């Protein structure tokens, strides 16, 4: 880990603190919003670039992959050379790369631009949070980190809604300009921040070997998780990536334990509360992105909403996330640091269970109920978990602390999309094949390829396509219920795991 000599307390005047808070929140909103911004435009991108489904997946997932595997290195570089410089540089790269796809007409070029944008975003997330943490005195950090966590928790909804609005009034390239413009706005605001006081005190170097190992481990695991829904969990490439990623992670732990200045000291996770918080954040983002993945398809394919209307339907999700995150600095002193984590995960499990009530004739209030319940669970747990990790590390390690927070978020997002996607696809294919066993083989294979394709096929068949539409819809709902059941079980299991991990230690910086 980067070695930095003890630093003076860097708080700054109230106006400077507020600016840092605004920049930190806008930074995470732009980075997380970009993860989902292209989801609403994939059909248009395919029409213009002739991208295959796999290429479309990587236009979205390539950004997440680059972001996840570089976060720890980016956090350490910020600690060593200055967090403001890391933030500004990351925003510059993000903005340029986000605008670049408008110049391209080949899907591989768009994927490459998204990879570069993700690399820039990797420097933005830890730098923004660590600057925010350093700007406020210790007694106020839990409150401002709660605000940051609220923005991070609902930025996905903002990204979907924003891209839907842009797409409703323009071509898919307008999303690129919007992301680039947002990055430039945050960059201009970041330029007004005062330089890092701690930069003058930084000593030592970067653990490049450890950085390479952890980047390789995260990249392989995330790649395997993102490819699993397409290739299958038993495919040799999926298993190979996950296995090699686990091996690289084990080698990273062994290497870092012997380093005098490790990138990330694995012994930090012997702090049970920190470990429980890392598990919680991973589970929270798995739930968030799994819910959006399933809910958006239900809203569009069953309720018949447009992309913009579907995105707007999830706006109430942000209300409990923001409200409970902002109030977390009052909840934690009364409940302690562990109960909000366990309670939040349990509430999320209940929210996924409520999705079992969704039927073909259900209306928006049914989906709204699940959205609010899951949002409440995320709001209860996200700020306490984030604050615990930030407060567990020294001030000179805030970049790495931020990177731990952010890496667990990206891993969780990958897990959520992989689990939801693979269960939905596998169960749908099995169900629709059983329900439409009499269809000609070529047509049956196309219907089994996805509910969206089945709807288009049924429409093309005219009145004769009604049995196909009804059977495929029932198959989709059965698959949806299977996916939500799995996510409910995973959330409940995470709640039990967090309770077990933290049971031996209930002390923290809050107490």
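Including glycine, each Cβ sits where the backbone N, Cα and C put it.
A TrEMBL annotation is a machine prediction, not a hand-curated record.
In TrEMBL, the annotation transmembrane segment applies to 85-104, one of the ranges 85-104, 405-424. Segment annotation: TrEMBL labels transmembrane segment over residues 302-326 (candidates 302-326, 427-451). TrEMBL tags one of the stretches 274-296, 458-480 as transmembrane segment, and that stretch is 274-296. Three or more CB pairs closer than 8 A are found between the transmembrane segment (364-385) and the transmembrane segment (274-296), so contact between the two stretches is assigned (pairs 6 or more residues apart). Counting Cβ pairs closer than 8 Å and at least 6 residues apart in sequence, the transmembrane segment (236-254) and the transmembrane segment (274-296) reach fewer than three and form no contact. Contact between the transmembrane segment (172-193) and the transmembrane segment (85-104) is supported by 3 or more Cβ pairs under 8 Å, counting only residues 6 or more apart in sequence.
Below 8 angstroms of C-beta separation, residues 1-2, 31, 34-36, 38-39, 42, 45, 51, 85-87, 90, 107, 110-111, 114-119, 121-123, 125-127, 130, 206-207, 211, 214-216, 218-219, 222-223, 226, 263-264, 399-404, 406-407, 410-411, 413-414 of the same chain, each at least six residues beyond the ends of the transmembrane segment (58-78), sit close to that stretch.
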